[in-house]
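Worksheet for the structure shown next.
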Amino acid sequence: MSDEREPLGEGMAMGAPSVDADARRAPVVAVILAAGFGTRFDPMRPKQLVSVGGRPVIAWSIDAFEANPRITDILVVVNPQVRHAVERLVDERGYPKVRAVIDGGEQRFDSTVNALRMLDSAGIPDDARLLIHDAVRPFVGQSVITACVASLDGYAASTVAVASTDTVLVTEESEGSRLITSVPDRSLMYRAQTPQAFRFATLRKAYELASRDPGFTPTDDTRVVVDYLPHTDVAIVPGDDTNIKITTREDMPVAERIAARILVGSR
Ligand SMILES: Nc1ccn([C@@H]2O[C@H](COP(=O)(O)OP(=O)(O)OP(=O)(O)O)[C@@H](O)[C@H]2O)c(=O)n1
Ligand SMILES: C[C@](O)(CO)[C@H](O)COP(=O)(O)O
């Protein structure tokens, strides 16, 4: 990837005229997590590079944040399997907000840690807004991204989520069986999506505390704040059912249908 990219935080100076003073003061950084190995999909075909609607999955995600005027900077987190292809994609498409393509880690948690370390070394201010997004959620909408950024006006953390239409069961393992321990009130149950949004100082502090617990294996970033900064309110930003995560190959027909609807609508 050509190395004459604007350094992190430069984007805020170039924010679109509509960007408010707060965003001009503090960058709004999208961290696109693309360092997974897709073991539930096809280890031989990295799902972040698979084509949907004629475009690589990760290109949909980067396009979405490039297109949003509130986003000033983009950081892409990759693994060695996809690095070359992602760097080529960034060079081919230009992607002026992409500041760097960095290495992820073994777990999703470690990839966020690497992103936080890079942001810290770049001198990103404590009040910067971070949106951590799964690269394999290609159809994130502009209104959802904008609402995520705006949610940090009143909260230090938030996550996109949708109300559960299934009843959720809390279980435990017991003598080889899985038994239900509780059935929470469905009206309170939400399914987390991404982006998950945080003020930089908040997420950095939560990860500092969580990193002391080697047995902690969260599946998202929100839980790190909920578990380690219990007095920090975390708000829900309404998501939508098109903001799917491509996890297995069975998700591809649904993804193609959503992509087709988006492409027809954008003509
Ligand atoms: N060490 C990791 C693991 C996951 N991710 C990213 O986090 C998002 C959601 O993860 P998931 O769908 O679980 O991707 P994989 O971990 O690749 O899938 P699997 O669990 O099937 O291996 C993906 O964009 C993935 O690239 C990451 O950046 N670093
Ligand atoms: C972050 C997430 O998308 C919220 O639902 C989900 O936890 C990611 O899980 P994965 O196993 O890393 O795909």
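All residue numbers here begin at 1 and follow the chain in the order shown.
Each Cβ is built from the backbone N, Cα and C atoms, and glycine gets one as well.
Copied over from TrEMBL:
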| type | residues | note |
| --- | --- | --- |
| SITE | R40 | site 'Transition state stabilizer' |
| SITE | K47 | site 'Transition state stabilizer' |
| SITE | R186 | site 'Positions MEP for the nucleophilic attack' |
| SITE | K245 | site 'Positions MEP for the nucleophilic attack' |
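Structure coloured by features recorded in TrEMBL.
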residue: R40; record: site 'Transition state stabilizer'; Cβ contacts under 8 Å, 6 or more apart: T247, T248
residue: K47; record: site 'Transition state stabilizer'; Cβ contacts under 8 Å, 6 or more apart: G36, G38, F41, V57, V136, I246
residue: R186; record: site 'Positions MEP for the nucleophilic attack'; Cβ contacts under 8 Å, 6 or more apart: S164, D166, T167, V168
residue: K245; record: site 'Positions MEP for the nucleophilic attack'; Cβ contacts under 8 Å, 6 or more apart: D134, V136, R137, Q193, T194, D251
### Task
Taking a cut-off of under 6 Å between Cβ and any atom of ligand 2, tell me which of the recorded sites R40, K47, R186 pass.
none
### Summary
By a three-class reduction of DSSP, K245 (site 'Positions MEP for the nucleophilic attack') is assigned coil
